[in-house]
């Protein structure tokens, strides 16, 4: 048991720190533009939301790669592992550059027709969007490298890359937006160019150890039709699950909350911020447990794979439980750091227990779901999420009307509980 705990922690800590750094970077990046101009902040928010959505959708390719790569690693097929990475990187470049070209050609028409933005606002938005569109392919490559090194059990390189690229990014963001240190003042566009430069540095750091340790792959193996078929077989289910759970359901719940009034919207947003911070360990432990479990299963050791799942879940419970207790003890100070409205804080404090319960149930939910997606049950997960999204949307509408936010959180907890029970049954 001890070595399993050590193995998982070896992967988790760099991943968790990477998540925290990315979260801090996003806040600071937005703050730079926000201090430049509130109008620019709004325009960047619209353009960046599209960039983030596309990056998330295409970023699912790294999850698919992680599953196939873990299988090859578990079978000690190093040449196959390198081949899968080469194929995935090639597809990533193809899809990423295709989006960049489409974005440059159709971005102006899209924002004008869909968002109704015209004149100088459109010019300013496009000055940000065009270079920012290139960050999609950069982030997709970073996701691939992160999964590659994770399967090599070298997650420290991800942390180093994030630290350096974040510092470079923030430096050029600030310098190019405001025109400091002898650099031109580009305004809103400077934020996008800063991101492009920072991500280039991050990719270069990833590439250095890859150049040093990369084992040559036979050219014939570089193009495996079966691997490409496997990737495109998995991708639709993953994309559908991501779209339903993190787009449709979020949109439905947000729409219902918005009808409850400004105060309820503020409380929901406040708790969402807290939940995002508290829930960071869930995804870190889920990724670590999935990587080890899939490799052990591929090597024929299913029992040890399940032990890694249990160990990952137990450790995540412990960490999140401690975080929840600390947040509960200092709830007043924690909430006041985010917002100063006493009325909103008092309402949010009453709902924290629901939020903590959801974060705890998400531990086994995320770990078992990730594992099932990697062992051929990706369609089952998709159908379960689809049914859960429909049922939860109806439940949230009814219970939200009757019991406001407490009813919404109760339904969301129930959804995770039922799906966890289903997923756990299939891992036996």
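These residue numbers are counts, starting from 1, taken along the chain as shown.
In case you wondered, yes, glycine gets a Cβ from its N, Cα and C as well.
Per TrEMBL, transmembrane segment is recorded for 12-28 (among others).
Residues 30, 33-34, 81, 84-85, 88, 91-92, 95-96, 99, 111, 115, 117, 121, 124-125, 128-129, 132-133, 135-136, 139-140, 143-144, 146-148, 150-151, 187-188, 191, 227, 230-231, 234-235, 238-239, 242-243, 246-247, 287, 290-291, 294, 373-374 of the same chain, all 6+ positions outside the transmembrane segment (40-69), place their C-beta atoms under 8 angstroms from a C-beta of that stretch. Annotation source TrEMBL lists transmembrane segment at 40-69 (among others).
For 90-111 (among others), the entry in TrEMBL reads transmembrane segment. Listed by sequence, the residues of this chain that lie at least six past the ends of the transmembrane segment (90-111) yet keep a Cβ under 8 A from its Cβ atoms are 46-47, 54, 58, 61, 117, 122, 125-126, 129-130, 133-134, 136-138, 140-141, 144, 228, 231.
Residues or ranges marked as transmembrane segment in TrEMBL: 126-145 (among others). Remote same-chain partners of the transmembrane segment (126-145), defined as residues 6 or more beyond its termini with a Cβ less than 8 Å from a stretch Cβ, comprise 43-44, 47-48, 50-51, 54-55, 58-59, 61-62, 65, 85, 88-89, 92-93, 95-97, 99-100, 103-104, 107-108, 111, 158, 161, 186-189, 191-193, 195-196, 199-200, 202-203, 206-207, 210.
The feature transmembrane segment is assigned by TrEMBL to 157-184 (among others).
Taken from TrEMBL, the feature transmembrane segment applies to 190-211 (among others).
Listed as Cβ neighbours of the transmembrane segment (265-287) (distance under 8 Å, sequence separation of 6 or more from its ends, same chain) are residues 8, 11-12, 15-16, 19-20, 23, 66, 150, 254, 257-258, 312-313, 315-316, 319-320, 323-324, 327, 334-335, 338-339, 341, 344-345, 347-348, 351-352, 355-356, 358-359, 362-363, 366-367, 369-370, 405. Annotated transmembrane segment per TrEMBL: 265-287 (among others), in sequence order.
Annotated transmembrane segment per TrEMBL: 308-331 (among others), in sequence order.
Annotation source TrEMBL lists transmembrane segment at 351-368 (among others).
Annotation comment: TrEMBL describes 380-403 (among others) as transmembrane segment.
Per TrEMBL, transmembrane segment is recorded for 409-426 (among others).
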Among 190-211, 308-331, 351-368, 380-403, stretch most in contact with the transmembrane segment (409-426) (C-beta, under 8 angstroms): 351-368
Long-range neighbours of the transmembrane segment (351-368), counting only residues six or more past its ends (CB under 8 A): 267, 271, 274-275, 278-279, 282-283, 285-286, 289-290, 309, 312-313, 316-317, 320-321, 324, 327-328, 331, 405-406, 409-410, 412-413, 416-417, 419-420, 423-424, 426-427
For the transmembrane segment (380-403), distant same-chain residues with Cβ under 8 A (at least six beyond the ends): 237, 240-241, 244-245, 248-249, 252-253, 256-257, 260, 369, 372-373, 410-412, 414-415, 418-419, 422-423, 426
